Amino acid sequence: MGPTAAGKSDLGIELALALGGEVVNADSMQLYRGMDIGTAKVPLEQRRGVPHHLLDVWDVTRAADVASFQADARRVIDGLLAVGRTPVLVGGSGLYLRAALDDLTFPGTDPAVRARWERELASRGAPALHGELARLAPRAAAAILPTNGRRIVRALEVVELTGTFEATLPEHRSVYDVVQIGIDRTDLDERIVERVERMWGAGFPDEVRRLAEMGLREGRTASRALGYAQLLAWFDGAMDSAEEAKQATITATRRFARRQRSWFRRDERIVWLDQPDVTQVLRLVGSL
């Protein structure tokens, strides 16, 4: 686990080979079918024969659902453990990793309630709905920016369905025996630039065009993914050039990496490395 562009995917494959394991994806955007270049999904021919689970399971029009991912991930993990294989979870989506590994439960959803609040969002705007949330659940409102319409709508939905909203996650409590390895690097900013340049060189704009024809704009989650959102903005005339979209992607990715660092650093169970060194990780696994 760790911020984007740190080298997690290659290390995951090395660990799976060394431990007799299989990779379980915990990157929320790699769940989406066809989102390959922009999410740095490892191509099949580079996986070195290691099975990868929970890649390409959702259409781009589907909204992200962490509770559904939790059920799928635990089914895969339990299945691997039952046959003596080691699950190697790889990803930078902190909530998804916690959902798979920790004792977390998630409130249900109601499409009708969600749709009603989304209509309210469209007509009244995020700040007005944030005021409504502050009246109903002040702690929840304090944890959500007034401009984050998606999170405000979800919080209002939960409050309506359950009568409450817990704004913070519970204490870290694993449901499996887990060794958590975090990868962070001092050269991360440079690696992000290199990754985005490779994405453009590999035909990323064409990938986004294809996905736009498949309904990417209608996908509440996929359309907001790093790079995809910026290219859609260029296609729709909100940016002047592909170069502007590229630079905006670099800026947004660096900002996202800082948020990832902040999230993961709160978890004292994670052992941090500054390089993806499989030998060092195997020593850590053997010592615990």
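Glycine residues also receive a Cβ, built from the backbone N, Cα and C atoms like all the rest.
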Requested in this report: Would you mind telling me which of 27-30, 51-54, 275-278 Swiss-Prot tags as region 'Interaction with substrate tRNA'?
Outcome: 27-30
Query raised in the report: How many other Cβ atoms sit within 10 Å of the Cβ of Gly7 (ATP binding site)?
Result: 17
Query raised in the report: In Å, rounded, how far does the Cα of Ala6 (ATP binding site) sit from the Cα of Ser93 (site 'Interaction with substrate tRNA')?
Result: 13
**Report entry** Gly2 (ATP binding site) versus Arg114 (site 'Interaction with substrate tRNA') - Cα distance in angstrom
**Finding:** 32
Query raised in the report: About how far apart, in whole Å, are the alpha carbons (Cα) of Gly7 (ATP binding site) and Ser93 (site 'Interaction with substrate tRNA')?
Result: 14
Requested in this report: Please work out the mean pLDDT for the residues of the region 'Interaction with substrate tRNA' (27-30).
Outcome: 97
